[in-house]
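The annotation compositional bias 'Low complexity' is assigned in Swiss-Prot to 852-879, 912-922, 1100-1110, 1135-1148. Look at Swiss-Prot and you will find 889-911, 975-1001, 1039-1061, 1081-1099, 1111-1125 tagged as compositional bias 'Pro residues'. Annotation comment: Swiss-Prot describes 946-974 as compositional bias 'Polar residues'. Look at Swiss-Prot and you will find 797-1156 tagged as region 'Disordered'. Taken from Swiss-Prot, the feature repeat 'WD 1' covers 5-47. What Swiss-Prot records for 66-109 is repeat 'WD 2'. Here Swiss-Prot flags 118-158 as repeat 'WD 3'. Annotated repeat 'WD 4' per Swiss-Prot: 164-204, in sequence order. According to Swiss-Prot, the feature repeat 'WD 6' maps to 255-295. The repeat 'WD 7' feature in Swiss-Prot is assigned to 298-338. Annotation comment: Swiss-Prot describes 382-406 as repeat 'WD 8'.
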Amino acid sequence: MVRLREIPRTATFTWSPGSAAPFIATGTRAGAVDADFSNETFLELWNLDLDNDKLGQELEPVAKISTESGFHDIAWAESEDHTRGVIAGALENGSLDLWDADKLLNGASDALISSASKHTGPIKALQFNPRHSNLLATGGGKGELFISDLNNVDQAFRLGSGAARVDDIECLDWNKKVPHILVTGSSAGFVTVWDVKTKKESLTLNNLGRKAVSAVAWDPEKPTKLITSIPLETDPLILVWDLRNSNAPERVLRGHESGVLSLSWCAQDPDLLLSCGKDNRTICWNPQTGNAYGEFPVVTNWTFQTRWNPHNPNMFATASFDGKIVVQTIQNTRQDASQAGNNQEQAVNDEDFFAKAQTRPQISTFSLPKAPKWLERPVTASFGFGGRVVSAGLSSGSRSSKITISHFDVDPNVGSATENFESSVKTGDFRGICESRIASSQCEEEKTDWKVIETLLSDNPRKQLVNYLGFSNEVDEAADSLSKLGLDKKEANGEGQLSPKSEGVKKHKRITSIFETNVEGESFLDEIASSKGAKTNNPFQIYTGSESEADRAITRALLLGQFEKALDVCLQEDRMSDAFMVAVCGGQKCIEKAQEAYFSKQSEGPSFVRLLASVVGKNLWDVVHNAGLANWKEAIAAICTFADDKEFPDLCEALGDRLEESYRSKKAKQARKDASFCYLASSKLEKVVSIWIQELKENEAYSIQNATDDTSFSIHVRALQSFIEKVTVFRHVSKFQDPERQKSSDWKLSSLYEKYLEYADVVASHGRLDVAEKYLDLLPASYPEAEVARSRIQFATKKPASKAATGRAPAPRHPPTAPTLTGTFQPAQIPTHKGPAPGSVNQFAPPALSKPTNPYAPTTTTSYTSAGGTTYTPTTGYQPPQPRQSNVIPPPQPLAPPPQSGPAGLAPPPRASSQSPSVAAPYTRATNIPAWNDLPEGFGRAATPRRSTPVTGSSVISSPFPNTPSLTQPGSHTSPPPSTMPAPRDSVPPPPPKGPAPPRMASPSTAGIPHGLQPAERPPSRTHVYSPPLAQQTSPGMAVPPPIPRGPSPYNAPPTVPPPTNRYAPAQVSQPTGQLHGQPPIAPPPHSSMPPPPGPYAPQPFQQAPAQSPYAPPPTGPQAPPPPVSQQGSRPSTAQSQKKAPPAQKYPPGDRSHIPANAQPIYEILSSDMQRVKARAPAAFKAQVNDTERRLNILFDHLNNEDLLQPSTIESMAELAHAIQVKDYETAQAIHLDILTNKTDECGNWMVGVKRLIGMSRATP
């Protein structure tokens, strides 16, 4: 707990009343001796000054006045006549003194209000009535108990008679619910309840055989419950009484080691009680249950008084005889604990331990298990995602809260508008949407946009656009007006005055005939052709003689079919009408030549000629770039009429760009509106969106300025809704496909994406999560601002990730072959065993030689290292067993019972194989021998025992020879994983680097198990690849893996750890004690304990015959160990083998909000199945089920923090979860084994939980 302030006084104290800044009044404790042996007594006021952040500092009094005697008790209460209240002191000389607190603070000399001496002895206790602050009760020697009225202190009346009691009243307390009830406690052990109204005793309690009472306290809420304490060293008890049964205490609180001197029951929370006493301790209790929450920092002397702050119970004060009153909080920041830990660690390493031990700060050893009652909210509410409001309130008549989840709309119109629009979109009624928006639009720009969008819905949108622009009837009207006009003969013949020839117009790149669709020209020629052979009455002459030379040249050219020469003559003579007539007969080339000549001549002519040239030359870009913007409608009409489909969008966009540039330069909104029309016609969403966003802001600002009762949020949401509706309908009409959804940056529609994201947030906050998800799907996958929104939507809707691995084939049921390691030693080859044969020698029978041989030792005599210090490198033909997690398959039992005597040895490991060995049937299904992490007995339905059928080439077979463990065929490449068999060893090698050796005793996991029923031990999750497993007690007929040092487990007790040995001390070799120096390689060992392994890196101190190394020849006798030698295959250095501290987790345990999408199926399926199992599991297996759930939570924490598990492992776990979900437990077990075999580094305690869940789920109906 945090020490806020310290008052350097040995004094009784009281808190200031009211909610103002807290003060403490102190009176020198009667009978206490100061450090300077002064006999002066003072009343002092202290300002705690909690606004100052200097914690634990000693204070100076702000007011001080001398008194005639020391204090036994002091009280401070509010008063109507005194601003800061009245302070009452119970003095040792029997005087009751009252002071004005305000005058004391101001330093006035008349601060003493009155001094009364009704008591004949010292006043031991006093207290103001909590309901009537003018009433003051005082108790003292000889059983004197007075009730005083501050309005007339001299007229105090006494309760009880003087002759009845001769003991002293040590404490008293007013009832907190019934103001006229008072309780007193005396030194003779009487606890008396008084009725002040009647001035009589109501009840007397026998305090546990009349033991002295040091403190009493009423329950702040229940008027019939009180607590008393005993100050005796022999009975340091706190008694809880219920007056409805006063014969015996309801509860006894035991925790103090010496007498209890003071009690303080928290007025704001009846579940908190403070006590202090002669054992220098202050303890916090729950008096309702009798449990002690813990104790506060211990001081060096008696703590004789403790008090909660009456207004702010977050802090309290405790006075002790070490000369300090400590003000501290009940909340702990843990800062002091860390500092104290550093100081303690420093003191341990220092020589002057006892010197520093006294200065070491005491720290709190507990935290409150629940929040105090004053921090509990009677009602609370919180807005949740998706338009939800979570509220909690107290149920009537109880402290239990009722949680309610309800829906909330910030603006109800948002939800209705969204629903109506989305329903119209689903039905495809886009024309109805446009019509309703046109009718409801309030600004002209909005209405124009919807009209254009409606026009685009027609079957011929380009024609409808021309009609919308007003060009549908203008041509007919112009033709009618011209027909009414009279034209002269020359104009009618097309021979009007032409402007001089100009060279301002260049030849167009692409020229086509303007007469290609001229119906009148075609009919004219048809009429001429049809007159062939007909008799006419209109004769003519080809040459009249009056024609010009040009006419003759034209005639001759026509007669010879030389239309091009005739055309040239016409053009030279400037006879354009004749030239066009000749060009019609001369073909396309002549027509183009005539057109070019015409346009060149008419470059300065009427504007329609320029337009006609653009149309004929299919060069509408000239109209787009050069036509005046005042005639943009005419330009867009020409584009709609003559442009081909490929150029149409680009032409409209270019015209819109010119209009928008005009808007930017002249700030003319009409130009922006016209540009919007062009962009809509061109279906250029990225261009029109920027204009619509500008209009959205302007319309929103205008609406806010003229709003009467709408909020700014509602206005903004309506404008945003209108924008989204226009974009959505326009996308449908134009069949827009966003080509940039796969890009990672530089999006053209980034402004639209922002609005989509904002709209999704708005509709999601109104509970329309499906609509929000729809618009979020329109954003690019790599849009960074959408990641949070997508994850919130997905979490709120509980949808699995899109990439859930459900369609993949199940994982193989056999792990791949472990890699073969190459070493420097070449062991002898193991003879190939293919079964018994007549006359064959049993190679596994115990040899007749007394001197054993090592099948894995080199064939030639080489130098060796001493036992216990052997270093080696694995060879090509054999890999040491790798550490594994679970699913260890022990070898089956031998066919014949083994002998109980004879030399012992361990079976050699199986040979390495280039193929993956098949997984045999689980051991627990083949036999009744439980493994360490199997389902508890009786959890599932009992399986019908049957004889398993061996699988060719994969199952483990028993040895046909007696007295031998079973082996697989070495040459079949189907041996089980190396970790299922123990390594060959005759000695006890050093344990893994971390952790000292276990004691000289049998492994806790195997002690007490009958022979042949030893379960396989779980190896540690991580160890070095060259660290050999430790030796283990073995049983006859079965090769059991050695014990592994491991952490606490719910299935066995942790081993006792002896002190570490000197890692560099030489081995202490002792003489053999009647046993051979070595053992046979195969013979079963006797049932005995192995000697304990040494500490890390220390040579083995032998207590029995020196055992040989599996990679060195056996010694012939006791040898002195050589000095340590560094070899290639030696154990890594200490620094390398030290286990690194686990990294700090990003998120607290239990948090599931950050599980990635690809891991969501794992969490959802496994947690759901765990709850199903938990609900149906038998009560006898509650502990196992809870442990499985705890281990699964470890997995979920890893997934939430995105650590430990690789993406491939998460994918495999998703397949496993899916297999559990569809009840394909065989596949789930195969995937589990595959992960366990190939990804050992990622497995931990959680993997055991997954295995158990598979079994429990299978057994649970």
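Placement of Cβ uses the backbone N, Cα and C atoms for every residue, glycine included.
The repeat 'WD 1' (5-47) makes no contact with the repeat 'WD 4' (164-204), as judged by fewer than three Cβ pairs under 8 Å among residues 6 or more apart in sequence. Here the repeat 'WD 8' (382-406) has Cβ contacts under 8 Å with residues 764-769, 792, 796 of the same chain, all six or more residues outside its ends. Assigned with DSSP, the residues of the repeat 'WD 6' (255-295) fall into helix, strand and coil as follows: 0 helix, 21 strand, 20 coil. Residue counts for the repeat 'WD 2' (66-109) under DSSP, helix first, then strand, then coil, are 6 helix, 19 strand, 19 coil. For the repeat 'WD 1' (5-47), the predicted model reports an average pLDDT of 90. Across the repeat 'WD 7' (298-338), the DSSP tally of helix, strand and coil residues reads 4 helix, 18 strand, 19 coil.
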